[in-house]
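Copied over from Swiss-Prot, here are the features:
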{"type": "REGION", "residues": "50-70", "note": "region 'Disordered'"}
{"type": "BINDING", "residues": "Lys54, Asn93, Lys94, Asn145, Gly151, Ser152, Ser153, Leu154, Gln160, Asn273, Ser274, Thr275, Met280, Lys284", "note": "substrate binding site"}
{"type": "MOD_RES", "residues": "Thr60", "note": "phosphothreonine"}
{"type": "ACT_SITE", "residues": "His158", "note": "active site, nucleophile"}
{"type": "SITE", "residues": "Gln160", "note": "site 'Transition state stabilizer'"}
Amino acid sequence: MSIPADIASLISDKYKSAFDNGNLKFIQTETTKTKDPKTSMPYLISHMPSLIEKPERGQTPEGEDPLGKPEEELTVIPEFGGADNKAYKLLLNKFPVIPEHTLLVTNEYQHQTDALTPTDLLTAYKLLCALDNEESDKRHMVFYNSGPASGSSLDHKHLQILQMPEKFVTFQDRLCNGKEHFLPTFNTEPLQDAKVSFAHFVLPMPESEETVDEDLLAMCYISILQRALTFFQDWLNENPELKKSYNLMLTKEWICVVPRSKAFSDEMKIGFNSTGYCGMILTKNDEVFSKITEKPELINDILLECGFPNTSGQKPNEYNY
Ligand code: B4P
């Protein structure tokens with residue numbers, strides 16, 4: 001696994017030049033921190049002004065693969081990782097809301113609905129290890145939006161890497177605080193915060209980086225993904241249009257999967273990808289921004305509308321709806 005030791009400065013330097021030369025469009029947002037008084041779930045609401053020049057959310061246009069032929073100005077590393085050290089490229093996000101937001105993209109075309117491989121997971125984890133910096137309190141999160149209801153808009157397989165906002169404690173951080181790593185068994189379910197509305201499956205990661213390898217990551221991912229996928233079998237009668245979709249989030253401290261039923265709430269005019277399910281909410285409509293900042297409890301309802309009901313306290317064979 002060869003991630004350059006100076007990866008953090010490679011990303012910073014590329015970001016500075018792409019920003020200065022107009023190769024990427026940083027989207028300035030107004031941000032507000034708030035908390036749901038009922039669930040205690042912390043939110044960071046970022047509001048994107050209207051009339052932003054960015055392609056609308058949707059599927060990849062027929063015959064186009066912007067991540068397959070990326071701009072040189074956005075390419076931090078063209079080839080690295082995997083057995084041949086050529087499996088991935090690291091790109092800057094062309095439309096970031098948070099500076100230095102990067103994408104880990106497969107060099108060979110794979111689809112965004114494909115499962116993550118052990119190598120995808122280990123490469124992502126190693127990137128987190130190389131970028132997190134305890135001295136400066138820098139933390140990062142990797143996420144994967146998979147399936148039509150997950151909030152993903154580009155079909156070429158890509159994971160995303162974001163620096164977490166400073167001093168932002170997610171509900172997953174609280175849930176895992178002080179807990180040791182474990183793998184779920186028939187008797188031990190993944191962690192789920194009973195207070196939040198939506199189903200989610202979380203495992204604390206081992207404290208020591210050295211114990212994290214492809215096998216461990218794959219076992220964590222498969223065990224929580226399996227639980228997320230049961231919802232699609234159980235709900236198919238009720239909604240035959242349901243397509244397997246989920247958000248995966250990985251930090252050095254925890255891994256989380258959230259099954260998704262919808263990308264967007266038409267009534268509330270707001271959509272979410274993985275970032276929403278750790279409390280980072282992006283709004284593009286002034287009215288929606290005012291509504292949810294005045295009444296953050298609403299977010300819990302919309303996250304449920306776009307996910308599935310929380311199953312905390314139930315065993316997998318009891319998810320019977
Ligand atoms: P997808 O997984 O397909 O979709 P997404 O992240 O949900 O972004 P999308 O574009 O659908 O959503 P939104 O407007 O809400 O990822 C595709 C990624 O590739 C996107 O990040 C996109 O920007 C990027 N991209 C598209 N064309 C590209 C190109 N030619 N070269 C390089 N990159 C390209 O999100 C707007 C932006 O904010 C996105 O960057 C999103 O990741 C980010 N974001 C959303 N919610 C956020 C939050 N709460 N906090 C911080 N960032 C957030």
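Quick reminder: no glycine exception, Cβ is built from N, Cα and C everywhere.
Among the binding-site residues Lys94, Gly151, Ser274, Met280, residues whose Cβ is positioned under 6 Å from ligand 1 are identified as Lys94, Gly151, Met280.
Secondary structure from DSSP puts Ser274 (substrate binding site) in a helix. The separation of His158 (active site, nucleophile) from Gly151 (substrate binding site), Cα to Cα, is 13 Å.
Ser274 (substrate binding site) counts 28 other C-beta atoms within 10 Å of its own C-beta, drawing on all protein chains shown.
There are 19 other CB atoms within 10 A of the CB of Lys94 (substrate binding site), with all protein chains counted. Sparsest Cβ environment among the recorded positions Ser153, His158, Gln160, Met280 (other Cβ atoms counted within 10 Å): Ser153.
Every protein chain considered, the tally of other Cβ atoms within 10 Å of the Cβ of Gly151 (substrate binding site) stands at 25.
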